[in-house]
Amino acid sequence: MKLANWYWLSSAVLATYGFLVVANNETEEIKDERAKDVCPVRLESRGKCEEAGECPYQVSLPPLTIQLPKQFSRIEEVFKEVQNLKEIVNSLKKSCQDCKLQADDNGDPGRNGLLLPSTGAPGEVGDNRVRELESEVNKLSSELKNAKEEINVLHGRLEKLNLVNMNNIENYVDSKVANLTFVVNSLDGKCSKCPSQEQIQSRPVQHLIYKDCSDYYAIGKRSSETYRVTPDPKNSSFEVYCDMETMGGGWTVLQARLDGSTNFTRTWQDYKAGFGNLRREFWLGNDKIHLLTKSKEMILRIDLEDFNGVELYALYDQFYVANEFLKYRLHVGNYNGTAGDALRFNKHYNHDLKFFTTPDKDNDRYPSGNCGLYYSSGWWFDACLSANLNGKYYHQKYRGVRNGIFWGTWPGVSEAHPGGYKSSFKEAKMMIRPKHFKP
């Protein structure tokens, strides 16, 4: 009912407003004296406004007076709200147009950087763009694959160059050592006025630095035990075991195998620093062996004994071990002795001029594996061995992999069946002393 009344009042007001407008238009050109007779229409307040801002109004149209509802004052507010909404809609339209322009700007540019007109439907343009991106990705993938192949080729060339440079360095060092050896021998032969070795050793000699066991022998030490030596003053001194009895004495022991109390399946760092008990089983250490063989020209003696009581030896008139940079490369001279030259067995098994290999560092010439890992030890392997004094210690003959202490020229070894029992050694010892030492 209220809605119907409100609708009727609104229609009456609008009709009145339209009548006023029409009346005003028709009487615009009437003279002033005729304007006096026009009926006045007034919109006036009929009371005080309430707190909510609702004010009562009435329209006077003599003889008619129409009282408007209080909500009539809200018409102006509604009108303003509609205007605001129209402005918001217009603003959103403009924003949408800007977005469309920006999206067009992000499209594919032409060769000159200008936007090209679209010749197809939006879906077709998107599909074309996807295909172009896929083509670019495939092209980049192909280029990346080619780059990886080139990197691998360069790595291979670099390794070859490093190997060539290493061989050149080794040959250079070997030639320098050989030249120095020749010079020393020449000077020793020309020194005819020098006092004899017997005269030198007959007088007590006081050494400030003992480079090896022969220096202790020279001052009268005859007891086989541990002594402290300093082969290189630039490096720290260290203890060694001296054999003062075998073949005139003065020997510095590098390695000893007696009872299997020490494990020789060790890492590169262990063989580098040394391990074991100097009075029982041990490896002196590759760094120390290098310093000892660098300070003087040394000879090498190897003593072997099997469980049958057979004792044989091998003697080499030169022995030198390079530094770690050259992977402790081995050099031995001419052979003499009773055990046979197992270090230079034949052209296929030759330990001379070979690098040191351990289970965790492969420097041997076997292309399909690590000889140190297979034979459980560190040694100057070829591909793989005709000798290995650092193999496992077996207390009797054994079968399987020949990973025990091994000397390929030992009597009876060549007759053994490959799948049969292998001989083992009771004792093995490596020791050095200066080449020109005289007891």
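Quick reminder: no glycine exception, Cβ is built from N, Cα and C everywhere.
Quick look at what Swiss-Prot annotates:
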- 1-23: signal peptide (SIGNAL)
- Asn25: N-linked glycosylation site (CARBOHYD)
- 73-165: coiled coil (COILED)
- 103-126: region 'Disordered' (REGION)
- Asn179: N-linked glycosylation site (CARBOHYD)
- Asn235: N-linked glycosylation site (CARBOHYD)
- Asn263: N-linked glycosylation site (CARBOHYD)
- Asn336: N-linked glycosylation site (CARBOHYD)
For Asn235 (N-linked glycosylation site), the number of other Cβ atoms found within 10 Å of its own Cβ: 11
Near Asn336 (N-linked glycosylation site), which residues of its chain come within a Cβ-Cβ distance under 8 Å, counting only those 6 or more away in sequence? Ala314, Leu315, Tyr316, Asp317
Filtered by Cβ under 8 Å and at least 6 apart in sequence, the residues in the chain of Asn263 (N-linked glycosylation site) near it are none
